[in-house]
Structure formats: structure tokens, C-alpha cells
Amino acid sequence: MRPNNRAINQPRPIKITRHYTKHAEGSVLVEFGDTKVLCTATVDESVPRFLKGQGQGWVTAEYGMLPRSTHSRMQREAAKGKQGGRTMEIQRLIARSLRAMVDLEALGERSVTLDCDVIQADGGTRTASITGACVALIDAVNGLVDNGTLTVSPLKGLVAAISVGIVDGTPVCDLEYVEDSAAETDMNVVMMEDGRMIEVQGTAEGEPFSHEELLTLLNLAKQGCKRIFEAQRAALAD
């Protein structure tokens, strides 16, 4: 029996609140059950040094967790003086995922930075970050079109991400913390709206998984992402 009696292919309740803060060009509070992430998009009229004069833009991301986003207080990474390996891995994943939805040449020589700050963690923070940051990025880019900075939108479509895994021998979708901590296999899947995969990260924490189980997990991810795309579209239509 899953927490809250969810079906194996059923994500947690998804809530996407746009324009959550007033200063950023795009801001979203995304909620997957008890996991809550604030995603903001900032537009800069410059690009990193390695892209100067190349005629294309850049999309990057930063990720962090507030000290009491978890059961016990975490020390701020700023207090430690450096980012942890997990943080760097996650923000690179977020950035790669979001670059897949943007024509960087059409964006022009400007950058969009997505800041993803976890305010409450109950599993799936990186996938929630990608899902929310996608909507924040769309709002920021649409703002460039609306104010005449861009004449053509560089957006290619929606991006969503979800966790899947095997818990007590059963493949399931959108793991919360109690499931994630007990999973024999843990996987994160990032997809485009048209069904193409951007990234698949999978690890057997215990018993190795079979090819058939891999296909089952990918199918669960596809079903879960379909519901996420619906939630994103509904939020953007509001």
C-alpha cells in the first residue's frame, strides 16, 4: 500500500502557482504533495564569456534547500563556503533540461537564470524544480516577446520531470521521501512534451533491475509526465 493509497502510476497532487513573487521575470511555486519549490527566472542582457559574439543565448540554473526544508536543520552551504556535489549535480541537470526547450540562437545574446529554492522537501525536489522552472522560464521568455525584445518565441515546448522507482518489488511513480529512502531502484526521467527523453538517471540501490523493469519504469514516467504537462498547461492558461 502506497502512502495516501496512491495507484502505482499516480503522481502526488500537483499545484503550480504563477507570479508568486513580484520582482522576477518569471516566478512559480510548484508543489508535489508536501514537496514545495520556489522557482524564479531572471533575464540578463549578456551571456557567459565563452558565448560572447556567438549569436546565441544561454539558460542556466541554481538549486538550493532552505535549512528547515528537511526534518532536521541543514547547515546553509554558504556557511560551509562551498556547494556540495549533490547541489552541483542537480543544478546542472535542471539547466540541461531547460536548455532542451529553448532555441538558444532565437533567444539572442542574453541569459536566463533559473533559481530553484526548496522550501519543503518530501522527495522529488529535483524533478519538481524542473517542472516549476519550466513554467517560470516560459513566463520570462513570453515577457520578452510581449515587450518587443524578441519578435519570435524561442520556446520549443514544455519540459516535465518525475521520479520513478521500485519499492518493495513494485514499480511506482513520483516517490515521496518514505518511498525514496526504501527504494531498491531510483530513477529520474525528464521528458519533452512530444514524448522524447531529455535525461534518464537510474540507479539500483539494492538488487539490480531487469530490462523489463526498466521499460515498466519508463512507461510509468511517461504516464506521470502526461499529468504534469496537463498541470503546466492549466497553470499557463490561468
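Residue positions begin at 1 at the first shown residue.
From the backbone N, Cα and C atoms, a Cβ is placed for every residue, glycine too.
Reduced to three states, the DSSP call for ARG86 (phosphate binding site) is helix. A simple way to gauge crowding: the CB of ARG86 (phosphate binding site) has 11 other CB atoms within 10 angstroms, across all the protein chains here. Positions annotated as phosphate binding site by Swiss-Prot: ARG86, GLY124, THR125, ARG126.
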Maximal Cα-Cα distance (Å) across residues annotated as binding phosphate, namely ARG86, GLY124, THR125, ARG126: 14
Residues near ARG126 (phosphate binding site) in space but at least six apart in sequence (CB under 8 A): TYR63, ILE90, LEU93, ILE94, ALA161, ASN188
